Amino acid sequence: MANHAKLVDQEIYRSPVDDFELNYQEYLNDDDDDKQEAPVAVSKAPKGKGSNHGLGCRMKGLFDGFGGTDLKTIMRHLRRRRPKSGQALTNFMLSGNMEKVVDQHVKDFVHHFGRINPENGRIMGALRGNDFFNFGGLHNNLGNTGKVYLDNLMKGKCGKKRKVHKFKPIVVEELDFGAPKPAVPATPKAPVAPVAPVIPAPAVTPQKPKVDEPTYADSVSDFGLDFETEREKCLRNKTLFEDPEFPATAASLYYRTPPRDRIIWKRPGEIIANPQLITQGESRFDVKQGALGDCWFLAALANITLYDALFYRIVPPNQSFTENYAGIFHFQFWHYGKWVDVVVDDRLPTVNNQLYYLHSADNTEFWSALVEKAYAKLHGGYENLDGGTTAEALEDFTGGLTEYFDLRKSEKAAVLAALVKGMEMGSLFGCSIDADANIKEAQLRNGLVCGHAYSITAIHSITYYGEDTTLLRLRNPWGNEKEWNGAWSDGSSEWSKIDEATKKQIDVQFARDGEFWMSFEDFFSNFTQMEVCNLTAEIFDEIAEMTGVNRATETVEEEHQWHEIMEDGEWSSKKGTAGGCNNNPSTYPKNPQFSTFFTAPQSSIEADGNVTVIVAVLQKYRRELRSKGKDVLPIGVSIYSLGAEGTARSPLTAQFFSQNRPIARTTVFVNTREVTVRFRVPPGQYVIVPCTFDAYDDAEFLLRVYANGTLKSSLL
């Protein structure tokens, strides 16, 4: 059984966004925010005028626009927003919704194809690379969204909204918490004829690599690999690409625990006669878990397949096993604040001629296995993907910002509001059930699996015995029969009371495929954590550039959109910036301090004069450092108000911190890649202080601030 995120064992899901641990009703009934002492030592001070923070604030902020804070009000809103067709509420970017808009654009000749064949998606004038290598292969079955994006890409119309950098693997041995040092430049070896390297069956005791054994980064160009250049070189020489940065060797598979089976690296054309990158369009059923404990990654990837425009940002459509095939592919990920293009060859780990890790339900399709390989390269090896959170992968796939919800501490109506509002705004959702530290991914009697990552793909209000019932559709990335078996599960008695037309409208399918429906009540009672990935206006702008579809013109009403700023920073004991939390009052002021000022349009200011803000701190390179025995640190963040007239041009002092409480903060320091704080305050100037729990812990981090307004920031 696959091992779920080790980070779960370390209480990664203890919500870092809960400022003071109040439930929502306590917040409504009592203005005293000091119900429970935070683990951070701070002096008590009066609550800032006009400011809201804590769990109560977060819950209250979610109800904006619903007209009420009770469950029935939220359900009425869901019924009003239900599409006229009767389909479940998802969001306009979901594959079916986006495809309908693009289909109409193609039908109305809004988009004029110039560089690809609109019938089959073939690139005009492309070389059939498979003719060289006798690997077979068929054309990709791109939908119209993929075809329009590919045509725009070939015309040079895409890429203005998002700068993508060539990926340069870091040398972990030289990582010194400053800017990561690139590998020593070297000339990559010329590609040679394809082979299938064999890794002998490992010994019982893992073998450590020799001290003088070169790492995969030793042969990396200082500038990284360029996909077009490398592919053209291979086509010209009639050779298949072999990645010098991520070779088909044991070093790419593991650093500590070798696979149990004898691994043979094979190209798709050596596994099956007619491989395809994508068959019949990408689908959430294309993602099935293999021998690696990366269900967190699979859950996010399955979620992304629901959004054509987001999917093709990760999997550029200008590659296939037919046109210009040369054994080389590339994929794009958000990586610590910037987008990178990761180039890989198509040699994949196999056992008995079957893919060993992630694979598609269709054995002729290979996009998901290749994405996993590129993601493994991004983080230094396949074993580095063992254990994580869906939130982490969702951010790397979208560039969005993810929040955690501890469902045990959240109001039911607020969680439903988050689901409805999030679906309307294009947010992505994941969820899980806390697992016992000694039992990995145990299946409960109701069919759900503890410590396992699920994705939430739809929400729908249905009439059952005259009463409104809210249903959620969930997806288990294992893609098998391990599904919910309670009310509204596949083939349950509840569905017999629903007419066939309604079931067809909301796409109800009874199959052992890992997808199932359940009531919101059962979801709230059984799941303990939920993750929401928020997307910015810039992401939607790029999607409009890719597809010609403007979100604002397709939604029922203009929704508020997030705007973002990012700042790089580091906690360095060498530079005197690793001050630790406020339990260390003498060193705490040494932490990096960021002055943030934001203004907001009138439409973003809510009735009480406040604006919703999300602050996130993400620590870098910790997954890559696992091979050196280092993992994520417990981190937190505090936000301080300078008042209506206050300004800051230099770092705040120990005296300031002793006399002022933060207006928002993380009270639980969590050993996770990223922590977030959501709060509501008037527009103005605030100082953000990210920190580790212990002083003198070294790490680099990325600070992000989301708000419905104009943002400015600087390091004090």
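Backbone N, Cα and C define each Cβ position, glycine as well.
Positions annotated as active site by Swiss-Prot: Cys295 (among others). Secondary structure at Cys295 (active site), taken from DSSP and collapsed to helix, strand or coil, is helix. Counting Cβ atoms from all protein chains shown, Cys295 (active site) has 28 others lying within 10 Å of its own Cβ.
His452 (active site) falls outside any helix or strand according to DSSP and counts as coil. The feature active site is assigned by Swiss-Prot to His452 (among others).
Sequence annotations record features per position, and here Swiss-Prot assigns active site to Asn476 (among others). Under the three-state DSSP scheme, Asn476 (active site) falls in the coil class.
Feature annotation from Swiss-Prot assigns domain 'Calpain catalytic' to 240-536.
According to Swiss-Prot, the feature region 'Disordered' maps to 31-53.
Between the CA atoms of Asn476 (active site) and His452 (active site) there is a gap of 8 Å. Reported as a whole number, the C-alpha separation between Cys295 (active site) and His452 (active site) equals 7 Å.
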